[in-house]
Amino acid sequence: MGLEWSSPGERQPLLFPGGPRSPRVFGRRWLVLLLFSVLAFLQGLVWNSWGPIQISARTAYKFSGLDIALLVLWGPIGFLPCFLFMWLMDNRGLRITVLLTALLMVLGAGLRCVPVEDLAIRRILIHGGQLLNGFAGPTVMNAAPFLSTTWFAPDERATATAIASMLNYLGGACAFLVGPLVVPAPNSTSGLLLYSGSTDAIKDRIEAVMYAEFGIIFVVFAAILAYFPARPPVPPSVAAASRRLSYRTSIFRLLSNLRFLLIVLAYAIPLGFYSGWIGVLDLILTPVHVTQVDAGWVGFWSIVGGCVVGIAVGRFADSIRGVLKPILLLLFSGATLSATWFTLTFLSNVTHLPLTTATLYTSCILIGVFLNGTVPIFFELFVETVYPIPEGIACGVVTFLSNIFMGVLLVFLTMYQMELSWLNWCLTGSCFLSLFFIACFRESYDRLYLDVFVSV
């Protein structure tokens, strides 16, 4: 009876006839992880280039508030061809997909550097460059679990996923640091060196940053072109050697899996809102008289803290397997409390909570620590829940939905720019909702079962 409801692909045995060769790991896996992580770092750095220096960018290039919002919005818009990249990864492998991604980033970074005197044309080129960089987002966000399964042993997978996925966030964090320190604010000396805040001086510094980013991205592209294997000679685990469902079957299975959809919403809503929120943190903190540099430091440490916690939690998950849901419950409890604290701080006249630099720093950094720390754990849980659906397809659906929520938030931002406290309430409410979804979720570890018991 069950055969009537399954596709031919689903009726194939997971393991190839005769069994897979004995699993083995190769030292080159760390080089592959390094190249991919650096690429992900640079994509995040370029995506978040403009938010932290939005005041200087308005002066140098006559950007409007709508322009600044659009420069951030190109990130989620770049996820529209997400399903194409998922298909490419599933059918052509990691090398072709990563090469195409790196090429898009080179073209995007180069487009921003075209020396045109007309500011209107220059703004169009910058927008185009940001869009091309956005098209690289699906790969750098989705491929981490695929890479870790392809190259790493079961007791290293969560750690590799954490490193590969967190470096993209770290790149976005470094944009909060690099931009405000290198690019001076108008009529100030807040840059890396004492420097006149004139329009020409600001423009020169912004262009220096863009040229440097282009050069580094080109070097990474050349390194990937020279050496980035699609897979190791021998799979590192039983799961890596097993058959996977086809692209079409995987999509249907994902959309009909209620447990998967529940945990997807638990990830997509708060992480999507947080990505949009942190991208315009400078605008949110402006009404409470936080400078561009201070806002940059807040954003930087909030994401860096999340990256450190994410990698540490990933290592812990590798050491003690089967505890992904409790980890998520703990992290989201902290995120919910921190977001509530940050939001109520802006209502100090009502709540009487102190509105100081220390409270803003602490609450904002804790939000980033707890939310960003959940990303690699979510990715591992997605793959475990829907195995044997390919990792790239499962995570592609997830990040696509996350960017839809991020895009919706930024679209509303383009219409309601005067008063931004509603962004804080959206973030807090999404954390509460996600905590409820995680509590209702029933976890399973199908891929882990295959590796532990079948290999034995």
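Start at 1 and count along the chain as shown; that gives each residue its number.
Including glycine, each Cβ sits where the backbone N, Cα and C put it.
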Next on the checklist: With respect to the membrane, does Swiss-Prot record Asp90 and Tyr445 on the same side?
Outcome noted: yes
Checklist outcome for this item: Ranking 68-88, 260-280, 293-313, 327-347 by Cβ pairs under 8 Å to the transmembrane segment (163-183) puts first 293-313
Next on the checklist: Before we move on, state whether the transmembrane segment (327-347) and the transmembrane segment (421-441) share at least 3 Cβ pairs under 8 Å, counting only pairs 6 or more apart in sequence.
Outcome noted: yes
Item to check | Same-chain residues at least 6 beyond the ends of the topological domain 'Lumenal' (117-123) whose Cβ lies under 8 Å from its Cβ atoms | outcome: 61-63, 67
Item to check | Tertiary contacts of the transmembrane segment (208-228), as residues 6+ beyond its ends and Cβ separation under 8 Å | outcome: 31-32, 35-36, 38-39, 42, 45-46, 49, 94-95, 98-99, 102-103, 105-106, 109-110, 112-113, 178-179, 182-183
Checklist entry - Any chance the transmembrane segment (96-116) and the transmembrane segment (293-313) are in contact, meaning at least three CB pairs closer than 8 A with a sequence separation of 6+? => result no
Next on the checklist: So, taking each listed stretch (30-50, 124-144, 421-441) in turn and counting its Cβ pairs to the transmembrane segment (260-280) that are under 8 angstroms, which one gives the highest count?
Outcome noted: 421-441
Item to check | For the topological domain 'Cytoplasmic' (442-456), the mean pLDDT of the predicted model | outcome: 69
Checklist entry - the topological domain 'Cytoplasmic' (314-326): which same-chain residues, six or more beyond its ends, come within Cβ distance under 8 Å? => result 155-159, 161-163, 376-377, 380-381, 384, 438, 441, 443, 445, 448, 452
